[in-house]
Each structure stands twice: as structure tokens, then as C-alpha cells.
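A quick write-up on the structure given underneath.
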Amino acid sequence: MALGVLIAVCLLFKAMKAALSEEAEVIPPSTAQQSNWTFNNTEADYIEEPVALKFSHPCLEDHNSYCINGACAFHHELKQAICRCFTGYTGQRCEHLTLTSYAVDSYEKYIAIGIGVGLLISAFLAVFYCYIRKRCINLKSPYIICSGGSPL
């Protein structure tokens, strides 16, 4: 048993070492599938930029005042200036201020919670009272204790 575990650990270690090494062998697809595959031999020289950087660049000087509350960027595919709004602003030109609103908790909510908890406790106490009362009635002995008086 211990020998099997030792062999399994050694095989796992060798597999991990081969997978992590840069000299791992790449096996090409079978000859039947090779005609449909194309290989890129310059994978190490190719660096792909993020997609977001390909589409927009900073605006020209004539568009600098286009965005009211944000940074201007020029989208090459749309061929127009777009705005990246600062926090709290929205709109095509960042012209709308998003107001943060705060709701004040009303006392009605707390009153409703208090009434609900009170009803729940009352129901629990009523069930407990009924259970204790039924138990006390069942504890009474069904036999009558006679004290040596008259015979039956």
C-alpha cells in the first residue's frame, strides 16, 4: 500500500515538473486535422493589448471642452468624442449630477416590528399555558382514595 502511494506521488511530481517546465513538448494534432489548423510560430513575440485600449485615445485639443465633468476620449470606430465621467456624474457629456439620497427610518417600521414581536411572544405563552394546563389535568389520579368509611 505504501509503495503504491510512493509511486503515485513520484508520478504526480514528474507530471507537474514537466507541465511547469518551459521545455515541455508540444504534440501537434493528427495528420487528418493538420490541414484545418494554422500555427503561429511567433507566439513569444506577440503581445495582445487590452480591447479597451484599441478603441479610444485622448481627445484632440478642439474637443477638450466637450466633457463638462469628465475626461474626453476619442473613439476611433464611432469616430466621435466620448466622455468618461467623474464619480457622481452621468450623461453623454457628464452633465447630470447624481444626487445621493438618504432615507430616514420612520417610527412606523419600529412600531410594526414591536407589535409583531409582542404577538409572537403572546402566542408562545398561550401555547405554553395550554400545554401546562393539559399536563396538570392528566396528572390527577383516576382512582378514588377511600378512607375506611362505608364499603362499596
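Note: Cβ is positioned from N, Cα and C throughout, glycine not excepted.
According to Swiss-Prot, the signal peptide annotation covers 1-18, on the basis of sequence analysis.
Within the model, the topological domain 'Extracellular' (19-109) carries an average pLDDT of 68. The topological domain 'Extracellular' annotation in Swiss-Prot covers 19-109.
Annotation source Swiss-Prot lists N-linked glycosylation site at Asn36 (among others).
What Swiss-Prot lists as N-linked glycosylation site is Asn40 (among others), and the listing cites sequence analysis.
Feature annotation from Swiss-Prot assigns domain 'EGF-like' to 55-95.
Note on Cys59 (disulfide bond): other Cβ atoms within 10 Å of its Cβ, all shown chains, come to 19. Taken from Swiss-Prot, the feature disulfide bond covers Cys59-Cys72 (among others), and the record attributes it to sequence analysis.
Taken from Swiss-Prot, the feature disulfide bond applies to Cys67-Cys83 (among others). In the three-state DSSP scheme, Cys67 (disulfide bond) is classed as coil. The Cβ of Cys67 (disulfide bond) has Ala81, Cys83, Arg84, Cys85, Arg93, Cys94 as same-chain neighbours under 8 Å, each 6 or more residues away in sequence.
In the three-state DSSP scheme, Cys85 (disulfide bond) is classed as strand. Residues or ranges marked as disulfide bond by Swiss-Prot on the basis of sequence analysis: Cys85-Cys94 (among others).
Positions annotated as transmembrane segment by Swiss-Prot, on the basis of sequence analysis: 110-130.
Residues or ranges marked as topological domain 'Cytoplasmic' in Swiss-Prot: 131-152.
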Comparing the disulfide-bonded residues Cys83, Cys85, which residue's C-beta has the most other C-beta atoms within 10 angstroms in this structure?
Cys83
Just to be sure I understand, if DSSP states are collapsed into helix, strand and coil, how many residues of the domain 'EGF-like' (55-95) fall in each?
4 helix, 17 strand, 20 coil
